[in-house]
Amino acid sequence: MAAKNQQTQKPNKRKQFSSTKTDKDGSKSKKPKLLSSTPSSANPSNKLLKKPFNSSKPKREHPTHSKFKKSESGNDNKELTKRERRIQAKELAEARKKKRKPHYTLEQELASLWEKMRRRNIAKEDRSKLITEALQKMKGKIPEIAGSHVSSRVLQTCVKYCSQIERDAVFSELQPHLLTLSCNAYAVHLVKKMFDAASKKQLAGVISSLRGHVASLLRHMVGSVVIEHAYQLGNATQKQELLMELYSTELHLFKDLASIKESRLIDIISKLDLQKSSVLRHMSSVIQPILEKGILDHSMIHRVLIEYLDIADKSSAADIIQQLSGPLLVRMIHTREGSKIGMLCVKHGSAKERKKIIKGMKGHISKIAHDQCGCMVLVSIFSMVDDTKLITKIIIRQLQTTLKELALDKSARRLLLQLLHPNYSRYLNTDGLASLNLTVPSLSSKNESEIKSKKLSRDEESSKEAAKSDIPEENLDEESTKEVATTDSDMEATESGKSDTPEENLNSAEGGKKDPSLRRRELLVNSGLAENLIDVCIENAEELLTSNFGKEVIFEVAKGGSDGILHPTLDEKLNNLHEAIAELAAKPKSDESEEEHVLENFHSSRTIRKLILDCPAFASTLWKKSLEGKCQLWAQGHRLAALLRL
């Protein structure tokens with residue numbers, strides 16, 4: 001037995017020794033000794049050691065084992081084709097979507113119906129059947145699925161083409177959930193579509209349901225679109241109802257107060273005897289979050305800002321102008337009230353703020369110039385800003401590339417005409433001229449003149465009192481000025497709530513200090529704009545003369561501008577323009593050609609007549625080049641008046 005035990009233990013020792021042996025690469029083997037030894041049947045201690053080892057530490061399965069192991073009977077995933085694997089992944093994705101979206105199957109059915117109903121070449125009867133089928137499937141679930149990017153598009157198509165009865169059913173189902181849907185990025189388009197298709201009664205109900213939530217929705221990036229859409233569709237009374245909530249807490253709480261006819265905030269305050277300080281606090285709490293988020297694209301917000309600047313004290317108005325002066329202003333000047341705010345910022349802003357405004361417009365000059373309201377902001381910049389080098393660099397250099405388009409556009413031509421003939425009522429209507437004269441009451445110089453007049457009246461009263469008494473007038477003047485200064489400072493402190501406001505923010509420029517004629521010459525002549533404009537007029541003389549808007553530009557250029565601003569610097573260029581117009585008039589008259597002659601066209605004949613009356617140099621050139629010896633021919637036409645004025 002001893003011999004057998006020795007024989008069985010010898011190989012075990014060899015294996016234990018070989019297990020600690022180093023590998024060929026020099027690293028020691030990490031295999032445990034107990035696993036390498038073969039237990040003997042004669043040694044029961046080995047069995048006792050092996051069993052608890054295997055039971056306490058089970059063998060770890062590799063991913064290639066068990067369920068991941070390739071089965072002998074079936075095919076593995078690796079043996080699947082690309083198409084089969086793609087189909088399998090699609091099925092897994094759909095299974096996950098079904099678990100996550102309760103109406104996933106319904107959305108798929110609606111999507112298939114939508115692909116058919118939105119075709120252009122489909123018959124109306126077939127489309128109405130598909131819409132009825134889709135609405136039947138969505139009935140009772142419309143508020144739940146309206147926020148999906150698929151079903152919201154289906155609902156928009158259904159609302160657009162369905163019957164009025166079906167549209168009313170959808171509206172009644174959506175109306176209790178309008179506030180929730182208004183803040184959804186996909187459902188907001190459906191809400192706008194419902195507003196467009198709503199009757200007057202339904203729209204009035206929607207606007208009344210928005211009461212109490214106007215300020216919160218205006219602070220929301222998506223909800224503000226719904227409020228603006230409702231504001232644009234509503235009548236004057238409904239617009240006023242939406243605005244009243246933003247003015248005062250009393251108007252927000254009591255609906256009866258909001259039914260007054262006054263539209264201006266100053267009139268509302270005076271009629272209802274509201275406290276101006278509480279109105280300012282409430283409006284600032286509404287406006288400041290909107291300014292911080294940059295939600296400034298809507299005309300409703302522009303109206304609120306105009307009303308706020310109209311009643312704000314000096315420091316509050318200067319703070320608003322400082323916040324708006326920059327790239328934010330570009331997003332506002334497309335509306336009527338927004339352009340007025342832009343002109344107020346240009347007028348009352350400091351030199352630094354004006355520089356920010358002009359730099360913020362970089363890259364958008366052409367779009368602003370062609371906008372009906374935005375062009376007036378550029379007109380105000382030409383009329384008030386003294387930094388002509390900055391204007392030339394950012395604004396005029398970009399305008400010089402599209403001078404022909406500017407001259408032929410109804411709105412953009414105002415920029416050129418403002419430099420050629422500033423503040424002319426024929427080119428700027430009464431509303432435009434009134435906008436240029438707008439001021440913020442607390443920042444305008446009129447208040448300063450009123451304060452000075454009050455001081456002078458007080459000084460006169462003090463001098464009268466000094467005459468009665470024996471006190472010298474000099475001492476009384478010093479005392480009266482001190483009293484006036486203290487009372488004025490107290491008044492400003494009570495209105496603004498702050499007594500130590502910085503002077504830099506309160507200084508308003510209100511127009512430029514430079515001479516207007518010098519500023520105009522630097523922008524028009526010294527910048528090279530006038531020379532390029534004359535070249536464009538020479539190249540496109542016929543097109544400009546016969547157009548409704550271009551005729552005014554070429555008339556002012558050929559005349560030399562008001563006050564002869566283009567003379568004598570550009571006399572040679574102007575003579576070339578006169579000759580180009582005379583050559584057009586010298587063309588022979590033919591009845592066969594479809595185009596009208598410039599002396600017979602409605603626009604060009606009147607423009608040439610005005611040039612003859614206002615510009616003697618052009619009249620002599622026209623006579624020598626085109627009319628001399630041909631008076632009998634042109635006298636037979638109905639344009640005889642132009643020739644008789646020579």
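One is the number of the first residue shown, and numbering goes on along the chain from there.
The backbone N, Cα and C atoms fix where each Cβ goes, glycine too.
According to TrEMBL, the compositional bias 'Polar residues' annotation covers 1-10.
Among the features that TrEMBL reports, region 'Disordered' is placed at 1-83 (among others).
As annotated by TrEMBL, compositional bias 'Basic and acidic residues' applies to 61-83 (among others).
Sequence annotations record features per position, and here TrEMBL assigns domain 'PUM-HD' to 109-460.
For 173-208 (among others), the entry in TrEMBL reads repeat 'Pumilio'. The average pLDDT the prediction assigns to the repeat 'Pumilio' (173-208) is 92.
The annotation repeat 'Pumilio' is assigned in TrEMBL to 209-245 (among others).
Annotation source TrEMBL lists compositional bias 'Basic and acidic residues' at 447-471 (among others).
Feature annotation from TrEMBL assigns region 'Disordered' to 447-518 (among others).
For the repeat 'Pumilio' (209-245), the DSSP-based tally of helix, strand and coil residues reads 27 helix, 0 strand, 10 coil.
Nonlocal intrachain contacts for the repeat 'Pumilio' (173-208), taken as residues 6+ away from its ends with a CB within less than 8 angstroms of a stretch CB, comprise 140, 142-143, 146-149, 152, 155-156, 159-160, 167, 217, 220, 222-223, 225-226, 229-230, 233-234, 238, 241-242. The DSSP breakdown of the repeat 'Pumilio' (173-208) into helical (H, G, I), extended (E, B) and coil residues amounts to 29 helix, 0 strand, 7 coil.
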